[in-house]
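Asks: One structure follows; several queries about it will come next.
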Amino acid sequence: MKKYIIALDQGTTSSRAIIFDHEQNILEISQKEFTQIYPSKGWVEHNPLEIWSSQYGVLQEVMAKANITQENIAAIGITNQRETTIVWDKNTGEPVYNAIVWQCRRTADIVEGLKRDKEFSDYVKENTGLILDAYFSATKIKWILDNVEGAREKAEKGELLFGTVDTWLVWKLTNGKVHVTDYTNASRTMLYNIKELKWDERILRKLNIPRSMLPEVKNSSEVYGYTNLGGKGGIRVPIAGMAGDQQCALFGQTCFEEGSVKNTYGTGCFLLMNTGENIIQSKNGLVTTIAIGLEGKVQYALEGSVFVGGAVIQWIRDELKLVSDAADTEYFAKKVNDNGGVYVVPAFTGLGAPYWDMYARGAIFGLTRGANKNHIIRAALEAIAYQSRDLIDAMKEDSGCEITRIKVDGGASRNNLLMQFQADITGTEVVRPIITETTALGAAYLAGLAVGFWKSKEEIAEKWSVSEVYTPNLDEDEKIRLYNGWKRAVERVQGWEE
C-alpha cells in the first residue's frame, strides 16, 4: 500500500523534503541550507549542483528518518523558488553558469533599456501579466547568453537548456529524460503568454533567446516522469505535481474559489488572490499570474510581492545581532507598548509591489534618545505588516473585491504579535491553519490528485483546519496615524541609490 506523498520544497535559502500521509499529517521533515553567493553588489547566485545535491540529500534523509522505502511512496510533488534561472548543457548536464536568483539585480540596466520601448513594455504587461523587471527570468537568460563565453553559440545550435528550479530538479530526477515546467512557473519567466498559454515568440525575438532552450509546459498536476529512488532495479516513483512556491501555498491554503486570498511570510511576503478565469490587469503595481493549471485549464491570480518580509528578522538577528534566535523577536517586541515612533523600511534590494523601485534602499526613521532595541525590533516586525497592507490596498482597488479574510502561512506567521498587528493595520481577519507548511502541502496535494491518492479538491478542503484567528482590535484613528507614518518613511527611501 502506498501510504505517503513526499513534497520537495526547494527554497531560496534551503532545500526541504516533507512526508505527508493521507490525513495530511506531517510524518517527517528534513532540511539543508545551502550557500548564498554574492559575487558583486546586488548580485545573488546559487550553485545549481548544490541545489540538486541538497535537495536529493534531504529526500534520501527524510525517507531514512521516517524508515520508509520507495514502495510506500505514492508520488513526489515539487515546489520551488520561482524565477531563479539555470542554463545547462543538454549533452553533459553541466550548468554553464551559476543559477541567477530571483533577488539578483544584475540585469537592471537591460531592463532600463527595454523600458525605453514603451510599446514593448506595454506588450509584456498585457501578455505575460508581469512588469518589466530584473526579478523575472527573461533578462537573466539573456545575461547568461550574452556574458558566458560560448553560451550563445551553443544555444543557437540547440545544445543548451533553460529551466527554473522545478525544471532542473525534474531533469535531474529523471536522469535527463524529461525537460518540462508547469503553467505557474512558466508564467514567472516573462516569456510566457498567459492568454494564449504558449511561449511568446515576440518577446523571445526581442531578447534573442532561442525557443529550443525552453521546456515543455504542462499541468501543475500530472505525471511528468518517474524517478528511481532505490538505484537500479528499484521501484519507479512518479513525479506528479509541480508549481511555484507561492502558487503552491495558494493551493495548499485551499484557496480554490475566486476572491480567496493568502499571504505567505517567507524570505519575502507574497499576497495572492485567486481571480478564477479572469485576467485582471493591475493599475496599482501588482502582477497578474497563473494561479494553477489543471487538466489543460488555468485559473489566474493577482499577486503582490514584497522582497524583504521575514528576511528583516534574519537581518535583526545576523547583522544587527539584536536577538540570537528569530523566535525571540516577539518576546522583545512585546516589552514595549508601541513602536515609539520608529519605522524600519527594509528596502535592502529595492522595493517590490506596489512601488517597484529598484533604487530604494533600507532605512530606520523616527529615532529619539528614548528609542531602544525593543522599539527597533518591533518596528521591523511591523514593517512586514505595513508592506502587506500596501499590497492588500492595491488588491482591493484592482479587484473591486472587499478583502475581509486572509489565510496566512510561512515562518513569520507563527509570530502572534505580528499576526495580531497584521489584522489591526489592515482591518481584516487573519487566519492561520494548523499546518503552516502550506507550500509543501500544496505540492503534495497536486501530486496526490494526479495519482488518485486524494480523489478531489473537495476531499482536500474538508481536512483543512484552522489553528488561530486574529480579529482587528485597533482604534481607526490610531490605524490611520500609524499607516501614514509608514507611507512617509517609504517616500523618503525611494530613489536613494543612483
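Yeah, the Cβs are placed from backbone N, Cα and C, and that goes for glycine too.
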Asks: Which of these, THR264, THR267, THR275, THR368, does Swiss-Prot say binds ATP at the same site as THR12, THR13, SER14, GLY310, GLN314, GLY411?
Replies: THR267
Asks: Quick check on the annotation: Swiss-Prot has ARG82, GLU83, ASP245, GLN246 binding glycerol, so which of TYR135, TYR183, TYR192, TYR300 does it put in that site too?
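Replies: Candidate listed by Swiss-Prot for the same site: TYR135.
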Asks: What binding-site residues in the list GLU83, GLN246, THR267, GLY411 lie within 10 angstroms of THR13 (ATP binding site), counting C-alpha atoms?
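Replies: Within 10 Å of THR13 (ATP binding site): THR267.
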Asks: Assuming the binding residues for ADP are exactly those in the record, THR12, ARG16, THR267, GLY310, GLY411, ASN415, what is the maximum CA-CA distance in angstrom, rounded?
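Replies: Value for the max Cα separation, rounded to a whole number: 22 Å.
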Asks: If one looks at the chain holding GLN246 (glycerol binding site), which residues at least 6 apart in sequence have a CB under 8 angstroms from its CB?
Replies: ARG82, THR264, PHE270, LEU272, GLU303, THR439
Asks: Cβ within 8 Å of the sn-glycerol 3-phosphate site's Cβ centroid: which residues qualify beyond THR12, ARG82, GLU83, TYR135, ASP245?
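Replies: Near the sn-glycerol 3-phosphate site, beyond THR12, ARG82, GLU83, TYR135, ASP245, sit ASN80, GLN81, THR84, VAL101, TRP102, ARG188, GLY244, GLN246.
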Asks: Looking only at THR12, THR13, SER14, THR267, GLN314, which of these binding-site residues has the biggest number of Cβ atoms within 10 Å around its Cβ?
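Replies: Its Cβ has the most other Cβ atoms within 10 Å: THR267.
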Asks: Out of ARG16, ARG82, which of these binding-site residues shows the lowest number of other CB atoms within 10 Å of its CB?
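Replies: Comparing Cβ neighbour counts within 10 Å for the binding-site residues ARG16, ARG82 gives ARG16.
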